[in-house]
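Presented below is the structure to which this report refers.
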(Lines of atoms letter the chains of each structure in order from A and count residues from 1; the text may use other names and numbers.)
(Lines give C-alpha, C1' and ligand atoms only; values in the text may rest on other atoms or scores of the structure.)
Protein backbone atom coordinates (compact mmCIF):
# COMPACT_ATOMS: atom_id res chain seq x y z
CA UNK A 1 0.00 0.00 0.00
CA UNK A 2 1.26 3.48 -0.84
CA UNK A 3 2.48 5.44 2.18
CA UNK A 4 0.72 8.81 2.50
CA UNK A 5 1.50 10.92 5.55
CA UNK A 6 -0.43 14.14 4.76
CA UNK A 7 -3.99 14.87 3.70
CA UNK A 8 -6.33 17.88 3.67
CA UNK A 9 -10.02 17.35 4.37
CA UNK A 10 -13.15 19.45 4.92
CA UNK A 11 -15.35 18.70 7.94
CA UNK A 12 -18.82 20.22 8.33
CA UNK A 13 -20.95 19.62 11.40
CA UNK A 14 -24.73 19.48 11.09
CA UNK A 15 -26.87 22.59 11.55
CA UNK A 16 -29.32 22.68 14.42
CA UNK A 17 -32.98 22.03 13.60
CA UNK A 18 -35.45 24.94 13.72
CA UNK A 19 -38.08 25.35 16.38
CA UNK A 20 -41.76 24.94 15.47
CA UNK A 21 -44.71 27.34 15.79
CA UNK A 22 -47.81 25.27 16.50
CA UNK A 23 -50.96 25.37 18.64
CA UNK A 24 -52.88 22.50 20.12
CA UNK A 25 -55.94 21.71 18.02
CA UNK A 26 -58.01 19.02 19.66
CA UNK A 27 -61.70 18.28 19.98
CA UNK A 28 -63.29 19.71 23.11
CA UNK A 29 -60.13 21.73 23.85
CA UNK A 30 -60.78 25.04 22.06
CA UNK A 31 -57.94 26.94 23.72
CA UNK A 32 -55.14 24.43 23.77
CA UNK A 33 -52.25 26.88 23.77
CA UNK A 34 -48.83 26.55 22.09
CA UNK A 35 -47.33 23.11 21.49
CA UNK A 36 -44.45 23.75 19.07
CA UNK A 37 -41.42 21.59 19.83
CA UNK A 38 -37.71 22.39 19.76
CA UNK A 39 -35.43 21.35 16.92
CA UNK A 40 -32.71 18.75 17.27
CA UNK A 41 -29.01 19.50 17.69
CA UNK A 42 -26.77 19.05 14.64
CA UNK A 43 -24.45 16.07 14.45
CA UNK A 44 -20.77 16.39 15.43
CA UNK A 45 -17.65 15.33 13.51
CA UNK A 46 -15.14 13.24 15.47
CA UNK A 47 -11.66 11.86 14.83
CA UNK A 48 -10.83 8.40 16.18
CA UNK A 49 -7.40 6.77 16.28
CA UNK A 50 -7.33 3.23 14.87
CA UNK A 51 -4.25 1.02 15.24
CA UNK A 52 -5.33 -1.05 12.22
CA UNK A 53 -4.62 1.88 9.87
CA UNK A 54 -1.12 2.93 8.82
CA UNK A 55 -1.62 5.51 6.07
CA UNK A 56 -3.81 8.48 5.17
CA UNK A 57 -4.23 7.42 1.56
CA UNK A 58 -8.02 7.09 1.90
CA UNK A 59 -8.29 10.83 2.49
CA UNK A 60 -6.54 11.67 -0.77
CA UNK A 61 -9.77 10.63 -2.50
CA UNK A 62 -12.51 11.26 0.06
CA UNK A 63 -12.02 14.83 1.20
CA UNK A 64 -15.38 16.00 2.55
CA UNK A 65 -17.21 14.79 5.66
CA UNK A 66 -20.59 16.18 6.69
CA UNK A 67 -22.61 15.33 9.77
CA UNK A 68 -26.39 15.14 9.67
CA UNK A 69 -28.58 18.18 10.27
CA UNK A 70 -30.88 18.16 13.30
CA UNK A 71 -34.55 17.68 12.47
CA UNK A 72 -36.99 20.55 12.91
CA UNK A 73 -39.38 20.55 15.85
CA UNK A 74 -43.00 19.50 15.34
CA UNK A 75 -46.41 19.98 16.89
CA UNK A 76 -47.52 18.21 20.09
CA UNK A 77 -44.27 19.37 21.70
CA UNK A 78 -42.26 16.92 19.59
CA UNK A 79 -38.53 17.62 19.70
CA UNK A 80 -36.61 17.10 16.47
CA UNK A 81 -34.22 14.17 16.26
CA UNK A 82 -30.55 14.87 16.85
CA UNK A 83 -28.37 14.65 13.74
CA UNK A 84 -26.11 11.62 13.39
CA UNK A 85 -22.43 12.10 14.15
CA UNK A 86 -19.65 11.32 11.68
CA UNK A 87 -16.52 9.52 12.89
CA UNK A 88 -13.34 9.73 10.81
CA UNK A 89 -10.84 6.98 11.56
CA UNK A 90 -7.16 7.84 11.28
CA UNK A 91 -3.91 6.00 12.08
CA UNK A 92 -2.46 6.26 15.57
CA UNK A 93 0.09 9.08 15.48
CA UNK A 94 -2.00 11.50 13.41
CA UNK A 95 -1.81 15.20 14.22
CA UNK A 96 -4.90 17.30 13.43
CA UNK A 97 -4.31 20.94 12.42
CA UNK A 98 -6.92 23.62 11.69
CA UNK A 99 -5.71 25.17 8.42
CA UNK A 100 -7.73 28.33 9.01
CA UNK A 101 -5.99 29.24 12.27
CA UNK A 102 -2.87 27.08 12.15
CA UNK A 103 -3.85 25.70 15.56
CA UNK A 104 -3.04 22.10 16.44
CA UNK A 105 -6.35 20.64 17.57
CA UNK A 106 -4.90 17.43 18.93
CA UNK A 107 -2.53 14.48 18.59
CA UNK A 108 -4.04 11.02 18.21
CA UNK A 109 -1.46 9.02 20.13
CA UNK A 110 -3.36 5.94 21.34
CA UNK A 111 -5.86 3.46 19.96
CA UNK A 112 -9.48 4.45 20.49
CA UNK A 113 -8.71 8.10 21.32
CA UNK A 114 -11.44 10.46 20.10
CA UNK A 115 -11.22 14.15 19.24
CA UNK A 116 -14.11 16.52 18.49
CA UNK A 117 -13.16 18.52 15.38
CA UNK A 118 -16.50 20.12 14.45
CA UNK A 119 -19.36 20.81 16.85
CA UNK A 120 -22.93 20.55 15.61
CA UNK A 121 -25.23 23.58 15.76
CA UNK A 122 -27.60 24.19 18.67
CA UNK A 123 -31.28 23.42 18.24
CA UNK A 124 -33.85 26.18 17.77
CA UNK A 125 -36.66 26.75 20.27
CA UNK A 126 -40.33 26.09 19.60
CA UNK A 127 -43.04 28.58 20.52
CA UNK A 128 -43.88 26.64 23.70
CA UNK A 129 -40.69 28.06 25.20
CA UNK A 130 -42.00 31.63 24.79
CA UNK A 131 -45.30 31.14 26.63
CA UNK A 132 -45.70 33.46 29.61
CA UNK A 133 -48.41 35.05 31.73
CA UNK A 134 -48.64 37.99 29.33
CA UNK A 135 -48.09 36.05 26.13
CA UNK A 136 -50.51 33.13 25.99
CA UNK A 137 -50.29 32.60 22.22
CA UNK A 138 -46.66 33.13 21.27
CA UNK A 139 -45.78 33.04 17.60
CA UNK A 140 -42.06 33.32 18.16
CA UNK A 141 -39.51 30.61 17.54
CA UNK A 142 -35.77 30.48 16.92
CA UNK A 143 -33.82 28.76 14.20
CA UNK A 144 -30.99 26.36 14.86
CA UNK A 145 -27.43 27.66 14.67
CA UNK A 146 -25.01 26.56 11.91
CA UNK A 147 -22.56 23.76 12.67
CA UNK A 148 -18.80 24.27 12.65
CA UNK A 149 -16.99 24.11 9.32
CA UNK A 150 -13.24 23.55 9.18
CA UNK A 151 -10.52 22.68 6.72
CA UNK A 152 -8.15 20.29 8.45
CA UNK A 153 -4.61 19.15 7.70
CA UNK A 154 -3.90 15.59 8.83
CA UNK A 155 -0.24 14.77 9.45
CA UNK A 156 0.75 11.19 10.21
CA UNK A 157 3.75 11.12 12.51
CA UNK A 158 5.24 7.74 13.31
CA UNK A 159 5.35 6.80 16.99
CA UNK A 160 8.89 5.62 17.71
CA UNK A 161 11.30 5.73 20.64
CA UNK A 162 14.42 6.08 18.50
CA UNK A 163 14.92 7.99 15.25
CA UNK A 164 17.66 7.47 12.68
CA UNK A 165 19.48 10.42 11.12
CA UNK A 166 22.10 10.43 8.43
CA UNK A 167 23.11 11.08 4.85
CA UNK A 168 21.87 8.76 2.10
CA UNK A 169 23.77 5.44 2.21
CA UNK A 170 24.95 5.98 5.79
CA UNK A 171 23.61 2.52 6.67
CA UNK A 172 20.36 3.41 8.44
CA UNK A 173 18.26 0.75 6.72
CA UNK A 174 20.98 -1.85 7.22
CA UNK A 175 20.96 -1.04 10.93
CA UNK A 176 17.16 -1.45 11.08
CA UNK A 177 17.42 -4.84 9.36
CA UNK A 178 20.16 -5.92 11.77
CA UNK A 179 18.30 -5.11 14.99
CA UNK A 180 14.66 -5.82 14.08
CA UNK A 181 12.42 -7.92 11.86
CA UNK A 182 11.78 -4.95 9.55
CA UNK A 183 13.11 -5.41 6.02
CA UNK A 184 13.55 -2.00 4.36
CA UNK A 185 15.18 -2.03 0.94
CA UNK A 186 18.97 -1.87 1.01
CA UNK A 187 21.13 -1.01 -2.03
CA UNK A 188 24.37 0.79 -2.88
CA UNK A 189 22.78 3.93 -4.32
CA UNK A 190 21.41 7.07 -2.62
CA UNK A 191 17.75 7.39 -1.59
CA UNK A 192 17.08 3.67 -1.51
CA UNK A 193 14.68 4.49 1.33
CA UNK A 194 11.80 6.57 -0.04
CA UNK A 195 9.31 6.33 2.83
CA UNK A 196 9.71 6.02 6.62
CA UNK A 197 9.68 2.56 8.17
CA UNK A 198 9.48 1.22 11.72
CA UNK A 199 11.26 -1.68 13.39
CA UNK A 200 10.71 -3.20 16.84
CA UNK A 201 13.94 -4.05 18.66
CA UNK A 202 13.34 -6.81 21.25
CA UNK A 203 16.10 -7.00 23.83
CA UNK A 204 14.39 -9.76 25.86
CA UNK A 205 10.89 -10.97 26.68
CA UNK A 206 10.02 -7.79 28.59
CA UNK A 207 12.14 -5.03 27.06
CA UNK A 208 11.77 -3.58 23.57
CA UNK A 209 11.78 -0.25 21.74
CA UNK A 210 10.68 1.06 18.36
CA UNK A 211 13.13 2.63 15.91
CA UNK A 212 12.18 4.77 12.90
CA UNK A 213 14.14 4.94 9.66
CA UNK A 214 13.55 7.96 7.42
CA UNK A 215 14.99 8.85 3.99
CA UNK A 216 18.43 10.41 4.14
CA UNK A 217 19.06 14.15 4.21
CA UNK A 218 21.32 16.11 1.90
CA UNK A 219 22.48 19.72 1.84
CA UNK A 220 19.63 22.04 0.97
CA UNK A 221 16.95 19.66 2.23
CA UNK A 222 15.27 22.56 4.05
CA UNK A 223 14.80 24.20 0.64
CA UNK A 224 13.44 20.97 -0.86
CA UNK A 225 16.60 19.32 -2.20
CA UNK A 226 16.50 15.54 -2.42
CA UNK A 227 13.39 14.36 -0.61
CA UNK A 228 13.36 17.56 1.44
CA UNK A 229 12.67 17.57 5.16
CA UNK A 230 9.02 16.48 5.05
CA UNK A 231 9.92 13.21 6.75
CA UNK A 232 11.69 14.86 9.68
CA UNK A 233 8.33 15.33 11.40
CA UNK A 234 8.33 11.58 12.04
CA UNK A 235 11.20 12.12 14.49
CA UNK A 236 9.40 14.72 16.62
CA UNK A 237 8.02 12.14 19.04
CA UNK A 238 11.28 10.17 19.36
CA UNK A 239 13.12 10.27 22.67
CA UNK A 240 16.61 9.92 21.23
CA UNK A 241 18.13 10.37 17.77
CA UNK A 242 20.90 8.12 16.44
CA UNK A 243 23.09 10.14 14.06
CA UNK A 244 24.76 7.59 11.79
CA UNK A 245 28.00 8.69 10.14
CA UNK A 246 29.64 6.68 7.38
CA UNK A 247 33.20 6.56 8.69
CA UNK A 248 34.65 5.84 5.24
CA UNK A 249 32.28 7.15 2.52
CA UNK A 250 32.63 5.33 -0.78
CA UNK A 251 32.10 8.58 -2.70
CA UNK A 252 35.10 10.21 -1.00
CA UNK A 253 33.11 12.92 0.80
CA UNK A 254 34.25 14.33 4.13
CA UNK A 255 32.45 12.65 7.10
CA UNK A 256 32.83 15.84 9.16
CA UNK A 257 31.14 17.96 6.51
CA UNK A 258 28.41 15.34 6.09
CA UNK A 259 27.68 15.44 9.82
CA UNK A 260 27.56 19.24 9.84
CA UNK A 261 25.06 19.22 6.97
CA UNK A 262 22.72 16.97 8.97
CA UNK A 263 22.98 19.19 12.05
CA UNK A 264 22.38 22.33 9.96
CA UNK A 265 19.29 20.90 8.24
CA UNK A 266 17.95 19.74 11.60
CA UNK A 267 18.26 23.24 13.06
CA UNK A 268 16.61 24.81 10.01
CA UNK A 269 13.63 22.49 10.39
CA UNK A 270 13.01 22.80 14.13
CA UNK A 271 14.98 24.03 17.12
CA UNK A 272 12.98 21.67 19.34
CA UNK A 273 14.00 18.69 17.24
CA UNK A 274 17.62 19.87 17.15
CA UNK A 275 17.57 20.05 20.96
CA UNK A 276 16.57 16.39 21.37
CA UNK A 277 19.19 13.95 22.74
CA UNK A 278 21.39 12.93 19.81
CA UNK A 279 23.95 10.14 19.86
CA UNK A 280 26.88 9.94 17.45
CA UNK A 281 27.25 6.50 15.83
CA UNK A 282 30.08 5.70 13.40
CA UNK A 283 29.05 2.96 10.98
CA UNK A 284 30.94 0.68 8.56
CA UNK A 285 34.00 0.28 10.80
CA UNK A 286 34.47 -3.18 9.26
CA UNK A 287 35.90 -1.42 6.20
CA UNK A 288 38.92 -0.28 8.26
CA UNK A 289 41.15 -2.01 10.77
CA UNK A 290 40.32 -1.45 14.43
CA UNK A 291 43.06 1.10 15.21
CA UNK A 292 42.42 3.13 12.06
CA UNK A 293 38.67 3.19 12.73
CA UNK A 294 39.17 4.37 16.32
CA UNK A 295 41.61 7.11 15.28
CA UNK A 296 39.34 8.32 12.47
CA UNK A 297 36.27 8.35 14.72
CA UNK A 298 38.15 10.32 17.37
CA UNK A 299 39.33 12.87 14.80
CA UNK A 300 35.80 13.35 13.43
CA UNK A 301 34.34 13.76 16.93
CA UNK A 302 36.97 16.37 17.82
CA UNK A 303 36.35 18.25 14.57
CA UNK A 304 32.63 18.37 15.43
CA UNK A 305 33.36 19.50 18.98
CA UNK A 306 31.67 16.34 20.28
CA UNK A 307 32.46 15.75 23.96
CA UNK A 308 29.93 13.02 24.78
CA UNK A 309 30.26 9.29 24.26
CA UNK A 310 30.16 7.97 20.70
CA UNK A 311 29.77 4.48 19.27
CA UNK A 312 31.60 2.47 16.63
CA UNK A 313 29.52 -0.18 14.89
CA UNK A 314 29.16 -2.21 11.74
CA UNK A 315 25.49 -2.68 10.94
CA UNK A 316 26.36 -5.20 8.21
CA UNK A 317 28.43 -7.52 10.44
CA UNK A 318 26.70 -6.70 13.75
CA UNK A 319 29.89 -5.48 15.42
CA UNK A 320 29.06 -3.19 18.37
CA UNK A 321 25.33 -3.19 17.56
CA UNK A 322 24.17 -5.13 20.63
CA UNK A 323 25.98 -2.84 23.09
CA UNK A 324 24.48 0.21 21.39
CA UNK A 325 20.97 -1.26 21.59
CA UNK A 326 21.30 -2.06 25.30
CA UNK A 327 22.47 1.50 26.01
CA UNK A 328 19.48 2.82 24.07
CA UNK A 329 17.16 0.51 26.04
CA UNK A 330 18.61 1.76 29.33
CA UNK A 331 18.18 5.38 28.25
CA UNK A 332 14.53 4.77 27.30
CA UNK A 333 13.76 3.09 30.62
CA UNK A 334 15.37 5.95 32.56
CA UNK A 335 13.56 8.60 30.48
CA UNK A 336 9.89 7.58 30.28
CA UNK A 337 7.48 9.45 28.04
CA UNK A 338 5.59 12.24 29.79
CA UNK A 339 2.02 11.84 28.63
CA UNK A 340 0.26 15.13 27.95
CA UNK A 341 -3.07 15.41 29.74
CA UNK A 342 -5.80 14.54 27.32
CA UNK A 343 -8.37 17.27 26.84
CA UNK A 344 -11.76 16.30 28.19
CA UNK A 345 -14.27 15.95 25.40
CA UNK A 346 -17.79 17.35 25.81
CA UNK A 347 -20.53 14.82 26.42
CA UNK A 348 -23.50 14.43 24.13
CA UNK A 349 -26.72 15.92 25.45
CA UNK A 350 -30.22 15.84 24.03
CA UNK A 351 -31.03 19.26 25.48
CA UNK A 352 -28.91 21.88 27.17
CA UNK A 353 -30.33 25.11 28.55
CA UNK A 354 -27.35 27.12 27.41
CA UNK A 355 -26.46 30.80 27.09
CA UNK A 356 -27.54 30.86 23.44
CA UNK A 357 -31.13 29.84 24.17
CA UNK A 358 -31.34 32.02 27.26
CA UNK A 359 -30.21 35.02 25.19
CA UNK A 360 -32.82 34.27 22.52
CA UNK A 361 -35.59 34.35 25.11
CA UNK A 362 -34.31 37.58 26.63
CA UNK A 363 -34.22 39.28 23.22
CA UNK A 364 -37.84 38.30 22.58
CA UNK A 365 -38.87 39.53 26.04
CA UNK A 366 -37.27 42.93 25.45
CA UNK A 367 -39.37 43.39 22.31
CA UNK A 368 -42.63 42.60 24.14
CA UNK A 369 -44.73 45.51 25.44
CA UNK A 370 -46.92 45.47 28.51
CA UNK A 371 -50.10 44.75 26.53
CA UNK A 372 -48.99 41.96 24.26
CA UNK A 373 -52.44 40.60 23.50
CA UNK A 374 -53.78 43.83 21.99
CA UNK A 375 -51.12 43.61 19.28
CA UNK A 376 -52.30 40.15 18.27
CA UNK A 377 -55.39 40.17 16.04
CA UNK A 378 -56.22 36.56 16.81
CA UNK A 379 -54.94 36.56 20.35
CA UNK A 380 -58.38 36.77 21.97
CA UNK A 381 -59.32 33.39 20.55
CA UNK A 382 -56.42 31.72 22.28
CA UNK A 383 -56.22 33.53 25.61
CA UNK A 384 -57.33 31.35 28.46
CA UNK A 385 -57.10 31.33 32.21
CA UNK A 386 -57.19 28.52 34.66
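Don't overthink the numbers, they just go from 1 along the chain as shown.
Glycine is no exception: its Cβ is also placed from the backbone N, Cα and C atoms.
For the ranges 85-105, 106-126, 127-147, the feature annotated in Swiss-Prot as region 'Disordered' maps to 127-147. For the binding-site residues 172, 284, the greatest number of Cβ atoms within 10 Å around a candidate Cβ is found at 172.
Residue 173 (Mg(2+) binding site) has a Cβ environment of 24 other Cβ atoms inside 10 Å. Spatially close to residue 314 (GTP binding site) yet at least six residues away along the chain are 283, 284, 285, 286, 320, 321, judged by Cβ distances under 8 angstroms. Regional average pLDDT for the domain 'Obg' (1-159) in the model is 88.
Secondary structure from DSSP puts residue 169 (GTP binding site) in coil.
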